[in-house]
Amino acid sequence: MDARHQPWFLVFATFLLVSGLPAPEKFVKDIDGGIDQDIFDINQGLGLDLFEGDIKLEANGKNSIIGDHKRWPHTIPYVLEDSLEMNAKGVILNAFERYRLKTCIDFKPWSGEANYISVFKGSGCWSSVGNIHAGKQELSIGTNCDRIATVQHEFLHALGFWHEQSRADRDDYVIIVWDRIQPGKEHNFNIYNDSVSDSLNVPYDYTSVMHYSKTAFQNGTESTIVTRISEFEDVIGQRMDFSDYDLLKLNQLYNCTSSLSFMDSCDFELENICGMIQSSGDSADWQRVSQVLSGPESDHSKMGQCKDSGFFMHFNTSILNEGATAMLESRLLYPKRGFQCLEFYLYNSGSGNDQLNIYTREYTTGQQGGVLTLQRQIKEVPIGSWQLHYVTLQVTKKFRVVFEGLRGPGTSSGGLSIDDINLSETRCPHHIWHIQNFTQILGGQDTSVYSPPFYSSKGYAFQIYMDLRSSTNVGIYFHLISGANDDQLQWPCPWQQATMTLLDQNPDIRQRMFNQRSITTDPTMTSDNGSYFWDRPSKVGVTDVFPNGTQFSRGIGYGTTVFITRERLKSREFIKGDDIYILLTVEDISHLNSTSAVPDPVPTLAVHNACSEVVCQNGGICVVQDGRAECKCPAGEDWWYMGKRCEKRGSTRDTVIIAVSSTVTVFAVMLIITLVSVYCTRRKYRKKARANTAAMTLENQHAF
């Protein structure tokens, strides 16, 4: 049955927010057990003794510099092994989409390539660093590792990244408190010089997804890492998303000049309005402004916080007659994937009958003006705030996105405004949960917030529960609820992955750090009483009442009490204009449960590790350059090692002695040369003088 066929009470309740009704503790299941475990906590709890906590070293135990030979191709083959949990498989595929959106790195199912990444459920979360040319290169996403930022972290290792705090200039930015580190774990805080870990001339990054947290390997309750800038104390160790510097380094390392699935972003700060054009076939124009008397008072990008900046596009319907239109068209865009997601913010200060139409103008051979296709009509009641919208597109040819403002009937005191447009070749979220006046809700005591009811694409009704009762963390849970389609659906609910994303409202989608969590409905999972956890809500749930008085059944919630800390929630642009957005997607991932046919590997010769036969002395590190093993020798401020195997020691004192000796030697040689030259010259002139004297004597003799 179509998921949009909802009973009247759900339609009515869609716009309602239930708050102040705490869920019974026993009616939610916390997948984290109330503990926010980092990668290193998980691995240590399993008794793993990995290099730096989550790195699997090569067989010879050596660390080598990341050079061209350690890089992967831009499209990396992978296999999702059958051992992986279903939720982990879906999370990994979502992580790949983050790489595609922000880098030129792509991933494809393995089809026999010589080297590929095998992702499996091992013990803990770990990876090797770089392409080790082993054929099948393992990367473990074990129990509790199925968080998207954890997957991003481990794949960054596989792509060649070390941990941020191990770089050579680490001590300029953080202080390692050695006596707070667990005995025997001190080596996890080693520094590696530039010959091992290349910072690519990018500043130290407190916000890196590759940085240890302040509590890494602690032997008590106090921090093992103290940031020299105190404001970053609770920032290090974030596991939300790539930082800007993570992306800068990754794109430099792999020579990325553009992102794969990103298409366009526009906040209208520049006068060229991102290459957009005003159509000639309309009766009015969109205007670039910084405020409108009737609203909005500021743009959405900067919220009026920056003087002489903060612009948006406005269609003034108050001065136009009914039926007037204004069309704003994007620059030409060239799709590659066949599906796109358009995102923008809309502010209506005009009439409730004013309308925004979203078109695509697709160009084909022989059609100069393109084919105009209506994608969405948006008509909303003016509520005095910016509203987020998503529009799914499916364009396969060269196209433009067209924003058409239409003056409707009735009185208007303002018009339509748009801002912060993003277009990418990604999937749009299925639903948006918009929570207004959030700081007031967040400041309340014993507060819980329920979302409106939603439907998945398969027809399952669900609701999200946000737990705000903790003074330190915010929790989030997914509930199945009774809906119009329950008689036609399969129960227990099989393999639906619910992804809940707290939106970072940065104007540019590439610079956002999303906070996201996914859970999957396992039809075999049981509750403590033996009933199926994801069975029909009317069978295993409890009865509740919507604000309009209509009863419904709510199943057990599944999620986490440590979705995000309150401190992180107040960072970035999660809360903007006192609004937050939770993006919701529920998709069927049952196809990931089947075993894919695995091709036979391409026959290859075993890769010879040239460093296996080279022993570098005095702490030197073996590297492979152009297929040859070389020793990179350590050096200090006034000393260094040199030689084929770093067997010779040098120092500035030796250099001074050599320089002085060389100078004296050169001076002595030059002096000798000068003396010899003078001697030879004088001897030459003496001979010439004697010859002249003899000639004069002979002439005198002939005269007589």
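Keep in mind that glycine also has a Cβ here, set from the backbone N, Cα and C atoms.
If you look up Swiss-Prot, you'll see His153, His157, His163 marked as Zn(2+) binding site, on the strength of sequence analysis. In the shown protein chains, 25 other C-beta atoms lie within 10 A of the C-beta of His163 (Zn(2+) binding site). Secondary structure at His163 (Zn(2+) binding site), as computed by DSSP, is coil.
Here Swiss-Prot flags 261-430 as domain 'MAM', drawing on sequence analysis.
According to Swiss-Prot, the domain 'MATH' annotation covers 431-586, on the basis of sequence analysis.
As annotated by Swiss-Prot, domain 'EGF-like' applies to 607-647.
The DSSP secondary structure for Asn193 (N-linked glycosylation site) is coil. Feature annotation from Swiss-Prot assigns N-linked glycosylation site to Asn193 (among others).
In the three-state DSSP classification, Asn219 (N-linked glycosylation site) falls within coil. Among the features that Swiss-Prot reports, N-linked glycosylation site is placed at Asn219 (among others).
Taken from Swiss-Prot, the feature N-linked glycosylation site applies to Asn255 (among others), supported by sequence analysis. Around Asn255 (N-linked glycosylation site), there are no C-beta neighbours below 8 angstroms that are at least 6 residues distant in the chain.
Asn316 (N-linked glycosylation site) has a Cβ environment of 24 other Cβ atoms inside 10 Å. Secondary structure at Asn316 (N-linked glycosylation site), taken from DSSP and collapsed to helix, strand or coil, is strand. Per Swiss-Prot, the feature N-linked glycosylation site maps to Asn316 (among others); the stated evidence is sequence analysis.
What Swiss-Prot records for Asn422 (among others) is N-linked glycosylation site, and it gives sequence analysis as the kind of evidence. If you take the C-beta of Asn422 (N-linked glycosylation site) and look for same-chain residues 6 or more apart in sequence within under 8 angstroms, you find Asp264, Ser265, Leu342, Glu343, Phe344, Asp508, Ile509.
Mapped onto three states, the DSSP output places Asn437 (N-linked glycosylation site) in coil. The Cβ of Asn437 (N-linked glycosylation site) lies under 8 Å from the Cβ of Asp578, each of these being in the same chain and 6 or more residues away along the sequence. Per Swiss-Prot, N-linked glycosylation site is recorded for Asn437 (among others).
Sequence-distant contacts of Asn529 (N-linked glycosylation site), defined by Cβ-Cβ distance under 8 angstroms and a gap of at least six in the same chain, do not exist. Following the DSSP three-state reduction, the secondary structure of Asn529 (N-linked glycosylation site) is coil. Residues or ranges marked as N-linked glycosylation site in Swiss-Prot: Asn529 (among others).
The DSSP secondary structure for Asn548 (N-linked glycosylation site) is coil. Per Swiss-Prot, N-linked glycosylation site is recorded for Asn548 (among others), and the stated evidence type is sequence analysis.
The secondary structure of Asn593 (N-linked glycosylation site), as reduced to three states from DSSP, is helical. The local packing around Asn593 (N-linked glycosylation site), expressed as other Cβ atoms within 10 Å of its Cβ over all shown chains, amounts to 11. What Swiss-Prot records for Asn593 (among others) is N-linked glycosylation site.
Annotated phosphothreonine per Swiss-Prot: Thr697, in sequence order.
Take the CB of Arg239 (site 'Mediates preference for acidic residues at subsite P1'') and look out to 10 A: across all protein chains shown you find 17 other CB atoms. Among the features that Swiss-Prot reports, site 'Mediates preference for acidic residues at subsite P1'' is placed at Arg239.
If you look up Swiss-Prot, you'll see 21-654 marked as topological domain 'Extracellular', on the strength of sequence analysis.
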In whole Å, note down how far the CA of Asn219 (N-linked glycosylation site) lies from the CA of His153 (Zn(2+) binding site).
24
In Å, rounded, how far does the Cα of Asn593 (N-linked glycosylation site) sit from the Cα of Arg239 (site 'Mediates preference for acidic residues at subsite P1'')?
27
Can you tell me the CA-to-CA distance separating Asn316 (N-linked glycosylation site) and Asn548 (N-linked glycosylation site), as a whole number of Å?
37
Highest Cβ count within 10 Å among the binding-site residues His153, His157: which residue is it?
His153
Restricting the comparison to the recorded positions His157, His163, Asn193, Asn219, Arg239, which residue's C-alpha is spatially nearest the C-alpha of Asn548 (N-linked glycosylation site)?
Arg239
Pairwise CA distance, His163 (Zn(2+) binding site) versus Asn219 (N-linked glycosylation site), rounded so that it is a whole Å:
21
For His157 (Zn(2+) binding site), what is the secondary structure state per DSSP, taken as helix, strand or coil?
helix
Need the DSSP three-state call for Asn255 (N-linked glycosylation site) to compare against my parser.
coil
